[in-house]
Amino acid sequence: MHYTPLLVACEMGKSESAKVLVDMGASLKAKTPDSNSALHLAVQAGASSITKMLLGKGMNVNLAGQGNKTPLHVAALHNKGTLVGLLIDAGADTNAVTKELLTPLHMASHKGHVDIAQKLLHYKANVNLKDKWSKTPLHLSAETGNPAMAELLLNSGADPNAVDKEKKTPLHLAAMGNHLNTVKALLGKNGRFGAKDMDGCTPMHYAAINGSTEIVKILLVAGKNKNIDDRNIWRKTPLHLAAEHGHSNLILLLLSNGSAINALDNNKDTPLHCACKAGHFDCVSILVHHSVGEKANLQATNSLKKTPLQVAESNSMENQAEIVTLLKKKMFLIK
């Protein structure tokens with residue numbers, strides 16, 4: 001397969017040239033090396049007059065191109081709004097799927113093309129179809145963090161708690177991407193703040209990894225603090241993860257909301273062990289100076305029988321000396 005003059009004219013949106021070539025008998029069956037037809041190329045170029053002409057000449061509106069994309073997929077992907085209605089009126093399948101089981105609505109949702117998504121939904125596109133990874137259009141919208149798109153999908157009946165192959169909900173993905181307004185939109189439509197994925201992580205675990213203080217705040221409010229010490233499969237709480245990843249402001253927030261300061265993970269590490277291991281001085285300092293309610297246990301030993309001080313001593317990171325000195329002072333080993 002190679003580019004014929006008609007394919008070139010369609011790709012460039014040259015309607016006069018395309019019409020002349022078709023009138024002269026140019027083959028409508030020709031495809032580019034990556035399997036796209038004249039119709040796919042005309043749609044990608046946003047050339048409505050060529051698109052109308054090709055459809056009028058009997059080209060199949062649902063013709064599969066590269067990766068089994070139909071012309072409607074191409075219109076959704078490249079934000080060619082004027083062509084969506086034209087293709088659907090000509091019989092385009094709004095729920096056609098690519099090799100990866102993506103519908104045109106998946107593509108519009110992922111790209112943030114709200115107007116296209118609106119048109120597809122108006123023409124009864126299925127809002128909850130799943131792709132090869134079991135993601136719905138709402139999952140893809142949550143991943144990219146477009147709150148207007150998320151609102152549109154939710155108001156059109158998208159399931160806020162649909163799970164993908166990793167058992168992640170759209171709320172997990174929005175939290176992972178630090179998309180605050182999308183998180184708000186999902187919670188507003190009863191997204192489950194305590195949903196656990198395959199790793200036992202809730203959206204709050206991912207917000208803790210990212211240090212997304214604002215997202216953790218609204219998740220705490222939504223769950224009335226009940227999920228603050230949820231464990232993942234490694235038995236880590238959000239506080240463990242905040243300590244591990246060096247998010248001192250988040251540690252303050254979690255502690256002020258009653259997070260268990262001495263929770264043990266699978267390795268019997270406390271959040272203080274985690275902060276010492278990773279060399280986060282500010283986090284260590286906040287944990288050891290916490291004085292409301294339960295205090296950090298400086299003598300806690302993990303499964304290797306090491307205290308936080310011993311963990312700090314055996315790790316060579318830039319803050320090691322400061323951390324060791326601080327812990328020794330708190331343990332009255334030095335003045």
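Backbone N, Cα and C atoms are what each Cβ position is placed from, and that goes for glycine too.
Just so you know, TrEMBL annotations are computer predictions that nobody has curated.
What TrEMBL lists as repeat 'ANK' is 1-33 (among others). Here the repeat 'ANK' (1-33) has Cβ contacts under 8 Å with residues 39, 41-42, 44-47, 49-50, 53-54, 57-59, 65 of the same chain, all six or more residues outside its ends.
Beyond the ends of the repeat 'ANK' (34-66), by six or more residues, the same chain brings 1, 6-7, 9-13, 15, 18-19, 22, 28, 72, 74-75, 78, 80, 82-83, 86-87, 90-93, 96 to within a C-beta distance below 8 angstroms of the stretch. Here TrEMBL flags 34-66 (among others) as repeat 'ANK'.
Within the repeat 'ANK' (67-99), the DSSP-based counts of helix, strand and coil residues read 18 helix, 0 strand, 15 coil. Annotated repeat 'ANK' per TrEMBL: 67-99 (among others), in sequence order.
Mean per-residue pLDDT, taken over the repeat 'ANK' (100-132), amounts to 98. The feature repeat 'ANK' is assigned by TrEMBL to 100-132 (among others).
Annotation source TrEMBL lists repeat 'ANK' at 133-165 (among others). Taking Cβ pairs closer than 8 Å, the repeat 'ANK' (133-165) reaches residues 103, 105-106, 108-112, 114, 117-118, 121, 127, 171, 173-174, 176-179, 181-182, 184-186, 188-192, 195, 197 in its own chain, all 6 or more past its ends.
The repeat 'ANK' (166-198): residue composition by secondary structure is 16 helix, 0 strand, 17 coil, according to DSSP. The repeat 'ANK' annotation in TrEMBL covers 166-198 (among others).
What TrEMBL lists as repeat 'ANK' is 199-231 (among others). Sorting the repeat 'ANK' (199-231) by DSSP state (H, G, I as helix; E, B as strand; all else coil) yields 18 helix, 0 strand, 15 coil.
The repeat 'ANK' feature in TrEMBL is assigned to 234-266 (among others). Packing against the repeat 'ANK' (234-266) from elsewhere in the chain are residues 199-200, 204-205, 207-213, 216-217, 220, 225, 228, 272, 274-275, 277-278, 280, 282-283, 285-287, 290, 292-297, 300, 302: each is 6 or more residues past its ends and has a CB under 8 Å from a CB in it.
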